[in-house]
Amino acid sequence: KMCGVTQNWESYESTKKASQLNLTPEQQRFPQRYIKLGIFVDHGMYTKYSGNSERITKRVHQMINNINMMCRALNIVTTLSLLEIWSEKDLITVQASAPTTLTLFGAWRETVLLNRTSHDHAQLLTATIFNGNVIGRAPVGGMCDPKRSVAIVRDHNAIVFVVAVTMTHEMGHNLGNHHDEDKCNCNTCIMSKVLSRQPSKYFSECSKDYYQTFLTNHNFQCILNAPLRTDTVSTPVSGNELLEAGEDCDCGSPANPCCDAATCKLRPGAQCGEGLCCDQCRFTSAGTECRAARSECDIAESCAGQSADCPTDDFHRNGQPCLNNHGYCYNGNCPIMFYQCIALFGSNATVGQDGCFDANDIGHKYFHCRKDNEKYIPCAPQDVKCGRLFCTYIYDIDLCRYDDSANGMVAQGTKCADGKVCNSNRQCADVNTAY
């Protein structure tokens, strides 16, 4: 299974090495994000490959290159920040129960791992056969959370690409994606419920919409900035679109006019090989816009003229009024319920009446403010507009409509009253102290 759905292939033809994809105009709708991965190989997988750490390392690097290729459709660059092989013993108890193992791995990351290394998302690769033939599991929307920014994946196929699809699928869940439904018209795409005999390297339009909505509502902080070269574990084969220690440029193709494929050094006369501020092997002139402002809460960045990199993505201070005082800036966006309703239910949607939100004081699976130890915590009366989002249609204002997924909760930073916003604990807090 993938996340509890049956695996249905018997064989798979050898796949060609993943090729690099150029960004399409469609991908420009997503802001650039960077995910630093920590990969942990359990002792069972170490034993499976006869203790050959070099073979395992090469296999993991190939997986990362495939993941990076697939994530380009979301304008995400993935880097291997940490690779740890548990050659002596497992550092957690890897059980046949996938939910239990995921919980243990998340707790270990929060209490042990984050104290000794920096990364954004951790995955455990295991040889353990999980109950129900599950091959992967991850929390939906857990990215950047100390305990929930994790996934577990069984090394279930000899073909690297097939396992990499599963790893990308689980990371997709962490980024807010749910399984593709029938209406998505893509039964082989990355977020499909079932991993097909020939899995696709593409995200469906449904997945892209989910990611865009979730990114707008949450704007994960840990994946905003590009990794340093010293943050990246060097790969045996270059051409991964990442600059690693010792490289001037990424030497993936001998045809690259800026970069010498044999040495990963710049060709004579070249200032740069790639980057938002690199044009025809030269630094773009100072003042050239390299990242447009995506909202009135964001700040456009311009090239400095001395580097190929676009400056760090910056934005106006949190709490600054926006959209004619209908909202407050939060991490470069202006989250308001009206636009969240449109994202969920279309252009005829608007915010539901105040009475709809009173359901959030029930403490139900769908109507609550928080969840603690599997118990749903009801919203306090003053916090009901920070729980489940209720919408309606302009032609039927008495309707209380909601989306029961994670995307259906009111986004953090959303205005819940005059001078107040929803904080990370789903409380309607003073805008001056909420962040």
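Even glycines carry a Cβ here, placed using N, Cα and C.
Candidates considered were Cys251, Cys258, Cys297, Cys303. The record in Swiss-Prot pairs Cys277 in a disulfide bond with Cys303. Among the candidates Asn22, Asn115, the residue that Swiss-Prot annotates as N-linked glycosylation site is Asn115. When the CA atoms are compared, the disulfide-bonded residues lying within 10 A of Cys278 (disulfide bond) are Cys303, Cys310, out of the candidates Cys222, Cys264, Cys303, Cys310. Recorded residues Cys249 (disulfide bond) and His179 (Zn(2+) binding site) have their alpha carbons 37 Å apart, per Cα-Cα distance. DSSP assigns Cys184 (disulfide bond) to a helical segment in the three-state reduction. Just so you know, the Cβ of His173 (Zn(2+) binding site) picks up 22 other Cβ atoms within 10 Å once every protein chain is counted. Rounded to a whole value, the Cα-Cα separation of Cys303 (disulfide bond) and Cys290 (disulfide bond) is 6 Å.
Taking the Cα atom of each, His173 (Zn(2+) binding site) and Cys186 (disulfide bond) are about 17 angstrom apart.
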